[in-house]
Amino acid sequence: MNQTTIKKTIGCSGIGLHSGKVVRLTLRPAPEDTGIVFHIRTEDGVHRLTPRPDDVIATGLATTLGLNGSSVATVEHLLAAIRGMQIDNIQIDIEGNEIPIMDGSAASFVFLLKDAGIARQNKPRQVYRIKKPVTYERDGKWIKAAPHDGLRIEYTIEFDHPAIGRQSMDIEVTPEAFAGIIAKARTFGFLREVEYLHSNGLALGGSLDNAIVLDEYNVLNEDGLRFDDEFVRHKILDFIGDMALLGAPLQGHFQVHCSGHALNNGFLRTISEHEELYLKRVELSETAQREHAVEAAPAGTPVAA
């Protein structure tokens, strides 16, 4: 399996979650072995950032990357789309300091990538594969990883809320599975948190148009949920995006319990800092390519945990 990039430059604009201002995003083809690279345009010039786990400077409302005084926030949905669609090399130009939130999912980014087209390059794809079982745990939340030829995610969430409760999903992530099952799941938050954030000048771009918002009992969005288990699907989306910072796609079997951006990044830093123990660099030849079956419940049906 060879490396890939997009066939043409494509862009969009949208509201920034934090600033509430319009942000311009442009995606460009990139040469082999480039990986994912950000060009962040600010008032003092253009800053180039090839993200790694230790470039994460904040994990509060979203994952924020920073280097040499420049930063870009809410990167996880775009990164999930890039990894989910198996694009290896791409340049991301951003005018401002955050990725547009769009509708709160990765669907718009998948649409952009498909519209740009995917070009197969000449060099073989390089991936990181989990070498041996590893567990990362904090405060009853954990990530367990084991060797696997592909990307399989078993994810469970538990919320003391009648509209969420306990949800689980087990999925083998392929481009088809990502686009059809994961990409459309939106981010979610609680009304009490939104009101607090707005009162403190935060999340000014957040609304019912780009997030699922819940009060103490119900979903407030007029159109309801896209899937009965949209919450766990979005957590898988976030996980894929947060795992995209190694410099190459990550393969393994991941069992995840109630994780979030901070735990995801802590896990990624651990396996990155101890690469010789936990990671194996693998070159995927064309003859080794195989299709992974989608191991997931039918749309809208949680898997019993």
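Each residue's number is its place along the chain shown, starting with 1.
Backbone N, Cα and C atoms are what each Cβ position is placed from, and that goes for glycine too.
Quantities reported herein were computed from a predicted structural model and do not represent experimental measurements.
What Swiss-Prot records for His261 is active site, proton donor, and it gives sequence analysis as the kind of evidence. Within its own chain, His261 (active site, proton donor) has Thr59, Gly60, Ala62, Thr63, Glu76, Asp238, Asp242 as residues 6 or more apart in sequence whose C-beta sits under 8 angstroms from its own.
In three-state terms derived from DSSP, Asp238 (Zn(2+) binding site) belongs to a helical segment. Cβ neighbour count for Asp238 (Zn(2+) binding site): 23 (other Cβ atoms within 10 Å of its Cβ, all protein chains included). Swiss-Prot lists His77, His234, Asp238 with the feature Zn(2+) binding site.
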Report summary line: Among the binding-site residues His77, His234, the one whose Cβ has the most other Cβ atoms within 10 Å is His77
